[in-house]
Amino acid sequence: MEDQAQNLVHGNIQLAERVAPPPATNLELTVEEVVEGYVGSFGWSQFLHVLLVSLAWIFDSQNTLVTIFSDAQPSAWRCINNSSSSLCLSSSSNGDASSVCGLMPDTWEWVSGHTSSIIAEWGLTCDRRFLAAIPASLFFLGSLLGSAFFGHLADASLGRKRTVLLSCLLTSVTAFLTSLSPNIWVYSLLRFANGFSRSGIGICCIVLATEVVGRKWRGPVSQYGFFFFTAGFLSLPLIAYHTRTNWRNLYKILSLLPLAYSVLFFPFVSESPRWLLVRGRSKEALDVLKTFARLNGKTLPENLCLANPSAPGEGGENEALTKNCTKESLWRTKWAAKRMITVMMAGFGVGFVYYGVQLNVENLNFNLYFSVGLNALMEVPAVVIGTILLGLTGRRLLFSLSAFLAGISCLLCIVFAHGKRAKNADKSSTGNWVQLAIEGIGFMAASVAFDVLYVYCIELFPTNVRNFAVSQSRQALMLGASIAPLLVAAGRLSPSLSFLVFGILSIFSGVLSWWLPETRNAPLYDTLKQQEEDEKNKVGNQITQA
């Protein structure tokens, strides 16, 4: 009886073992595989995320280009009614702002008023005209330093989301303080601070937007931010026209927008799951992906866990490897350093031309508001064309051809340069219209090259140094931009000089890009070591097949 009972128990155990399902194994996938296979390459959740993140580009654009109006030289002046100076009366007939040189201060005035721009308020004309270029140059120098600071901050500690928030809040504060400037030196210092503050917006927004979408959507999504940059650019003439008699009001209005965005919209933005994973916060990264999947009407497998290429071990080994990954240095890795230097050299020329051409519109023989509005409108086809071509052709080819077209257009502008507001110039002359059209095409090409360079840089470097790499690229862009205002100031005397330098540097940037690898349809890597090994394997396979 006892033997039968034991046999029965033993038989039940064997039956249970046969019926019971095998223990579940974890499904280990990379973020890229989860997005492509389960979340969706670009669903409703990613659309909302990209939209909310890209809105910040509006403030980046406004605070960068506001000096086109706030630092502009007034177009006309007149003798004061009670002035009987024959010198004043004879000079006013020239219709040229340089004619005021040598006149007594109490014999003339600007038609638009002494608060229409910093040049009018602080007398930055004649022998003081180069002082007007200092604020814009310091703004871009601030952007240069800020790019390195915020780029490191976004990769090493704060992450992409909180870095954008910090940058928006600082941009708001410094823009408002700029409106209270008592003189050119304080104004220049605050423009430097404003440039430093806003630099975190662009570099983090483009990375934060592209790190949550599938491979084929990275190019188009990276361009969406530039639509909002264009929207900010287009809004400037409208805001500036209504504040044309007081440049301080322009800064006060612009300071409110990033503050409102930070309070009303930014809380709904998610952190990058790639960054969270590289920092060892895999549970948070998985939660973000689950949220995206849920909003897309999908679910992730119950046994899903994220594979971190930087941390293949378990426990203490896992933690140590993750820390080593975050300490990987772009500049100490030979192939990455060479690539970064090439990107920065190309970026210097593109930044010089892109921002320089925008600031140089005052050296064209057209109404300032019309010229700026036209340039802003040219950004729209630039973004559309860039978005389409990024899906059809390689990054390197598109960048180089755009840079070449921008350079050739700038050189052609020399032929039609008549000098800014030349004596008795006919502003509707054929030569001027042709110059404006060519300048618009050149600016559109420079805009495409500028936008593509961001996408290219994102794909050239892995997650753990990507924000830093983009910040270095932006530093080079800002270095070029910081020198451009000085050339624009010189262009008030010789417009041909500025167009010549713009053309040469743009063509030089296009040539440099041929030393970079093509990245179209390449995966986004997570670590420098992973990318180096994979690229070496690809080269080895190509040699073997050949």
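All positions are counted from 1 along the displayed chain.
Placed from the backbone N, Cα and C atoms, the Cβ positions cover glycine too.
Now, the feature entries from TrEMBL:
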DOMAIN    49-521  domain 'Major facilitator superfamily (MFS) profile'
TRANSMEM  130-151  transmembrane segment
TRANSMEM  163-184  transmembrane segment
TRANSMEM  196-214  transmembrane segment
TRANSMEM  226-244  transmembrane segment
TRANSMEM  340-357  transmembrane segment
TRANSMEM  369-390  transmembrane segment
TRANSMEM  397-417  transmembrane segment
TRANSMEM  437-456  transmembrane segment
TRANSMEM  476-493  transmembrane segment
TRANSMEM  499-516  transmembrane segment
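Contact count against the transmembrane segment (130-151) (Cβ pairs under 8 Å) is highest for 196-214, out of 163-184, 196-214, 226-244, 397-417, 499-516. Within its own chain, the transmembrane segment (340-357) is flanked in space by residues 64, 140, 330-331, 375, 399, 403, 406-407, 410, 439, 442-443, 446-447, 449-450, 453, 456-457, 460-461, 469, 472-481, 483-485, 487-488, 498, 501-502, 505-506, 508-510, 512-513, 515-516, which lie at least six positions past its ends and keep a Cβ under 8 Å from the stretch. When Cβ-Cβ distances under 8 Å to the transmembrane segment (499-516) are tallied for each of 196-214, 226-244, 369-390, 437-456, the top count falls to 437-456. When Cβ distances are compared across the two stretches, the transmembrane segment (369-390) makes no contact with the transmembrane segment (476-493), since fewer than 3 pairs at least 6 residues apart fall below 8 angstroms.
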